[in-house]
Amino acid sequence: MSPQTETKTSVGFKAGVKDYKLTYYTPDYKTKDTDILAAFRVTPQPGVPPEEAGXXVAAESSTGTWTTVWTDGLTSLDRYKGRCYGIEPVPGEETQFIAYVAYPLDLFEEXXVTNMFTSIVGNVFGFKALRALRLEDLRIPTAYVKTFQGPXHGIQVERDKLNKYGRPLLGCTIKPKLGLSAKNYGRAVYECLRGGLDFTKDDENVNSQPFMRWRDRFIFCAEAIYKAQAETGEIKGHYLNATAGTCEDMMKRAVFARELGVPIVMHDYLTGGFTANTTLAHYCRDNGLLLHIHRAMHAVIDRQKNHGMHFRVLAKALRMSGGDHIHSGTVVGKLEGEREITLGFVDLLRDDFIEKDRSRGIYFTQDWVSLPGVLPVASGGIHVWHMPALTEIFGDDSVLQFGGGTLGHPWGNAPGAVANRVALEACVQARNEGRDLATEGNEIIREATKWSPELAAACEVWKEIKFEFEAMDTLDV
């Protein structure tokens, strides 16, 4: 990088520029239980040594700047600086390295995902000495975890609220996502819930547009929920999207949802922002609302393998900021998601303690202590033939969400919901009887069609539909 140039002054300060690795590359450092640990995929510019690049990341995401400054002498740089404590090559990538960086906990405001990300994934991602930079994983120390409320309620409380156990929950995104009037929208919600689904959902870009203002949608959806509950005897819900242009408008919508008595609201946490999301999560905890999270915009951040931020980091951040559900990919549907990587961050969402496992992309052991878990939502291009695989991959603590796979049924919305509920119940029963969903899945569905004409019709419509593309996000081998 820049040549070393130093100028002595009468007060002992040495001005000029020095290599980052002299201060920020510390391979002998022993990490502390209170450190936030980060694994960065670093692609240095030609001629920049990996140690210098790693130290540059540590410096620029903590206390460093491009030149030596005299005010360094007014604080304990050794106490507050980030440290690159390890560099390892990436298999099959000659120009990429994994740089491990430790950050002292005092660099971060308590319970503020916004502040954590501003430092760790801030200006450093535009640093000229790096061709590309990707944050692969974070280890959040328990001391920092305990400063967060986390999900509004968590998995067990949600099941208790809904009185639904022993199976995945079923959902449906109302389609077309834009253009319906509030009354027609509410009609579709009712038909899906009446047919056997647990939830219906606003699409992520349904806010308050001219064709359907938010208050009208909330009222018609609440009417649909109560009517379906009365007819089925089951607790139902619709994810009312409270995302808005200002935090004040977002909270106004959440308050109105609570006044209507509905069980759940929704937020687009990346486009809405972490500050707004945490504010909404706190309100939901205090007022008995579940909070569904959509990850719109995530692929802008996480899809490129050499630059950006892996979704497992965004998933951890969401668990800290707060949300009871989050979309996580399907493995088998139309959206990106390799199986082992997906299951890795699904465990990070649901479990209390997750061991380091590089075969699933998990770089650090993570202990969430008492932070509630988040239900992963499998959604995007799935239909009844996928039900065995989804049940086997995601297990009971998940939401399986079929939009087109419900509303595209040839007989209508309610029969589409019936088909999905029958398929799910058949898969759960078969699994509980000891059958292998991975190998017997199609046969289990075919058997169920014999006593469900709705399922038989759905199977016929979607029998040839597959999404067979190579995943962009793959493990390093």
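All positions are counted from 1 along the displayed chain.
Cβ atoms here come from the backbone N, Cα and C positions, even for glycine.
Swiss-Prot lists PRO3 with the feature N-acetylproline.
Positions annotated as N6,N6,N6-trimethyllysine by Swiss-Prot: LYS14.
In the three-state DSSP reading, ARG295 (substrate binding site) counts as coil. The substrate binding site feature in Swiss-Prot is assigned to ASN123, THR173, LYS177, ARG295, HIS327, SER379.
Look at LYS175 (active site, proton acceptor): DSSP puts it in coil. The Cβ neighbour count for LYS175 (active site, proton acceptor), using a 10 Å radius and every protein chain shown, is 16. Annotated active site, proton acceptor per Swiss-Prot: LYS175 (among others), in sequence order.
For the recorded site, LYS201 (N6-carboxylysine), the DSSP three-state label reads strand. When other Cβ atoms within 10 Å of the Cβ of LYS201 (N6-carboxylysine) are tallied across all protein chains shown, the result is 29. What Swiss-Prot records for LYS201 is N6-carboxylysine.
Within 10 Å of the C-beta of ASP203 (Mg(2+) binding site) we count 18 further C-beta atoms, all protein chains included. What Swiss-Prot lists as Mg(2+) binding site is LYS201, ASP203, GLU204, and the listing cites sequence analysis.
Positions annotated as active site, proton acceptor by Swiss-Prot, on the basis of sequence analysis: HIS294 (among others). The Cβ of HIS294 (active site, proton acceptor) lies under 8 Å from the Cβ of GLU204, ASN241, MET266, HIS267, ASP268, TYR269, ILE326, HIS327, each of these being in the same chain and 6 or more residues away along the sequence.
Feature annotation from Swiss-Prot assigns site 'Transition state stabilizer' to LYS334.
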| query | Of the recorded positions LYS175, LYS201, ASP203, which one sits closest to ARG295 (substrate binding site) when you measure Cα to Cα? | reply | ASP203
| request: Calculate the distance in Å between the alpha carbons (Cα) of ASN123 (substrate binding site) and LYS175 (active site, proton acceptor), and round it to a whole number. | output: 39
| task | Using only the Cα atoms of ASN123, THR173, LYS177, ARG295, HIS327, SER379, which the record gives as binding substrate, return the largest interatomic distance in Å, rounded to a whole number. | result | 37
| query | To which of the binding-site residues LYS177, HIS327 does the lowest count of other Cβ atoms within 10 Å belong? | reply | LYS177
| task | Check the Cα-Cα distances from LYS201 (N6-carboxylysine) to the recorded positions THR173, LYS175, LYS177, SER379 and tell me which is shortest. | result | THR173
| query | Which site among ASN123, THR173 has the most other CB atoms no more than 10 Å from its CB, taking these as binding-site residues? | reply | THR173
| Distance from LYS175 (active site, proton acceptor) back to SER379 (substrate binding site), taken between C-alpha atoms, in Å | 13
| Distance from ASP203 (Mg(2+) binding site) back to THR173 (substrate binding site), taken between C-alpha atoms, in Å | 6
